[in-house]
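J.: So Swiss-Prot lists these for the protein:
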ACT_SITE  362  active site, proton acceptor
BINDING   8-11, 22, 73, 78-79, 100-102, 138, 153, 168, 226, 332, 350, 365, 376  UDP-N-acetyl-alpha-D-glucosamine binding site
BINDING   102, 226  Mg(2+) binding site
BINDING   379, 385, 386, 404, 422, 439  acetyl-CoA binding site
REGION    1-228  region 'Pyrophosphorylase'
REGION    229-249  region 'Linker'
REGION    250-454  region 'N-acetyltransferase'
């Protein structure tokens, strides 16, 4: 006896007006289906049974096969028919939890409450919700004793039934033996000509069982996505929830409606986030980190006391303590900064290691470089790392001073305590403790006449 989860993910999603299958549409840059699978995997170590149909191979390619058993629904004949495709993957004594690939935000504790309602004498339990506007949902029909009798789809509902505000979310937990039994009794004699999974509720009652129900804490947990408008609305609700969770952890969020978390964000104490900040992938912000407005941070670790100023883009980078980045800085993959480094406006770095206290303050490109501590890089300095075919390394020792508008043509080494004169193009190694420069001799031509316009 174990828990098996079936996720229905075969729908086309015509109203999305997209070539991408509906369950692969992104919520916080993660496919809708991936959200559901992640929650399911918190409930069981068993493979997640995922019923696919439209765009099946694309779904497999994106989601992968790790911890998942796929079942294909070749014809779209209704939710009951979809669940039948999962029958070979569970046993009679299993409890089967049925979820939907386009309902991404159901919480683990809500599903645990649902599962706790199922036992040998209560083989079926439903997740329902009461809505002010139940239009479009199947209605929960109860008798005078408030016991569930059936679910009636809106297209088949009477006028009185349409007035019911308690609706079906689609999610249920069922004992495997009874699920197979009732699925085998389904008929498609309805307005849609489909096999409704919801018809098994009436069968359960007819077999003498009570159907127990529970409800989620929030309507957002059971919201499905059928079009881009609903997807955008759910995105904003989800981001608001994530912002609220950050503030509960002590983060100062200057405007909760203008922050996007599109991955996993870990924060320390006294973190401050300004407006229009986007986090992607896996990001760690340690204590006393400040992120200015309009920054994009992806797959980065930012250590304590560091300030990221406005309009900075950081990707696949490790930033040390008490650094100062930006504004308008771009730290590309492979950037590793030690303590107290300053990267200023319009500076781009890639595949660099920069030592403690070094400064690259203005208008520079530093790539494929090992830089020591206490280095000052003047404005307009470029490491010329690419010869048209291969990338080459620049090595800069400790306490080096690079004058403005210099070009370091790799491969080249600037040894510790060296000084490079402004405007130099360095093609050979610069010795330690020396001044190295390469400039044309300055000339002042007397009697020079400025050209005049013809």
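Even glycines carry a Cβ here, placed using N, Cα and C.
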J.: At the Cα level, what's the spacing in Å between residue 379 (acetyl-CoA binding site) and residue 102 (Mg(2+) binding site), rounded?
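T.: Checking the Cα atoms of residue 379 (acetyl-CoA binding site) and residue 102 (Mg(2+) binding site) gives a distance of 51 Å.
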J.: Let me spell it out: take the region 'Linker' (229-249), skip the flanking residues so only those 6+ beyond its ends count, and list any with a Cβ under 8 Å from a Cβ in it.
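T.: Here the qualifying positions are 16, 25, 27-28, 104-105, 220, 223, 256-257, 259-261, 265, 267, 273.
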J.: Through the lens of DSSP with three states only, how would you label residue 8 (UDP-N-acetyl-alpha-D-glucosamine binding site)?
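T.: DSSP call for residue 8 (UDP-N-acetyl-alpha-D-glucosamine binding site): strand.
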J.: Which of these binding-site residues is closest to residue 439 (acetyl-CoA binding site) if you go by CA atoms: 8, 11, 101, 332, 376?
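T.: Comparing Cα positions, the candidate nearest residue 439 (acetyl-CoA binding site) turns out to be 376.
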J.: For the region 'N-acetyltransferase' (250-454), would you mind checking the mean pLDDT of the predicted model?
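T.: Averaging the confidence scores along the region 'N-acetyltransferase' (250-454) gives 97.
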J.: Could you tell me how many residues in the region 'Linker' (229-249) are helical, how many are strand and how many are coil under DSSP?
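T.: The composition, in the requested order, is 20 helix, 0 strand, 1 coil.
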J.: Rounded to the nearest Å, what's the C-alpha distance separating residue 404 (acetyl-CoA binding site) and residue 362 (active site, proton acceptor)? Just drop the number here, would you?
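T.: It is 9 Å, counting Cα to Cα.
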J.: Between residue 11 (UDP-N-acetyl-alpha-D-glucosamine binding site) and residue 422 (acetyl-CoA binding site), how many Å separate their Cα atoms?
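T.: Their Cα atoms are separated by 64 Å.
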J.: In the structure shown, with every protein chain counted, which of the binding-site residues 332, 439 has the densest set of Cβ atoms within 10 angstroms of its Cβ?
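T.: In terms of Cβ crowding, the pick is 332.
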J.: Sorry to bug you, but what's the C-alpha spacing from residue 8 (UDP-N-acetyl-alpha-D-glucosamine binding site) to residue 102 (Mg(2+) binding site), rounded to the closest Å?
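T.: Here the two Cα atoms are 8 Å apart.
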J.: Taking the residues 379, 385, 386, 404, 422, 439, which the record names as binding acetyl-CoA, find the longest CA to CA distance and state it in Å to the nearest whole number.
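T.: About 23 Å separates the two most distant Cα atoms.
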J.: So of 102, 153, which of the binding-site residues has the fewest other Cβ atoms within 10 Å around its own Cβ?
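T.: Each of the binding-site residues 102, 153 was scored; lowest Cβ tally within 10 Å is 153.
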J.: Once the chains shown are all counted, how many other Cβ atoms turn up within 10 Å of the Cβ of residue 404 (acetyl-CoA binding site)?
T.: 17
J.: Have a look at the binding-site residues 153, 332, 385 and say which one has the shortest Cα distance to the residue listed as 'active site, proton acceptor'.
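T.: The answer is 332.
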J.: Determine the most Cβ-crowded residue among the binding-site residues 226, 376, 385, using a 10 Å radius around each Cβ and all protein chains in the structure.
T.: 385
J.: Pick from 11, 78, 101: which of these binding-site residues has the biggest number of other Cβ atoms within 10 Å of its Cβ?
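T.: Compared across 11, 78, 101, the most Cβ atoms within 10 Å surround 101.
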